[in-house]
Amino acid sequence: MTLPSIMLLLLLPLLFSAPSTSTARDFDFFYFVLQWPGSFCDTKKSCCYPATGKPTADFSIHGLWPNYADGSYPSNCDRQNAYDASQIADLMEILRSHWPSLACPSGDESTFWKHEWQKHGTCSESVLDQHAYFGTALRLRTQINLLQALQDAGIKPDGGLYSSTDISSAIRNSTGFEPKLGCNADGGGNRQLYEVSVCVDAKGERLIECPISSISNCPPRVEFPPF
């Protein structure tokens, strides 16, 4: 048998044992994204409350998103690892409170959670299983306590205009890290604080400085609407 033939036989088991799904095991960090419900609802599209009623007037979770340091991100990494509500049954009550869906038509928040797990959560499955993924997001929200950090700095959801710099400073002073602000427009076209993102290490354990520049779409002064 020739040397090339021997090498091919040795390589065949490796070739056929290669994984068929992408696990994004080399992602660099997470974006942890919180959204203000008042700004979600105060748009031309409006919003719909979930079947459980109007959520608490506090920042809620949008998602925990694996990202690469070059600004790109993985998505839908393992279609075989489907969302399974039974795996997070013990978290359901707090998820409904801290991770509600305001999309229309109103319904079961599980549609939102399923989307977040399948698009983003599966890309961190080498680090966080389904229960750990949702549990980590809940822990981070409690740790950051974003609304309290803003209120301590005199920034309140009262419909007033606030400096974007002051908002970022208040969050940085509370968390120790620079946030990324996201804004949307209300029904009249006025820009308002909508989302706040912070960066988390690739294990989901601690906040870090974002590896890439935080580019905000917010103007110098933004509204902070009530909910």
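For all residues, glycine too, the Cβ spot is worked out from N, Cα and C.
Note: TrEMBL annotation is automatic and uncurated.
Annotated features, as they stand in TrEMBL:
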| type | residues | note |
| --- | --- | --- |
| SIGNAL | 1-24 | signal peptide |
| ACT_SITE | His62 | active site |
| ACT_SITE | Glu116 | active site |
| ACT_SITE | His120 | active site |
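The Cβ neighbour count for Glu116 (active site), using a 10 Å radius and every protein chain shown, is 20. Cβ-based neighbour count (10 Å, all protein chains) for His62 (active site) stands at 21. A C-beta separation below 8 Å, combined with a sequence spacing of at least six in one chain, links His120 (active site) to Gly63, Leu64, Trp65, Pro66, Ser75.
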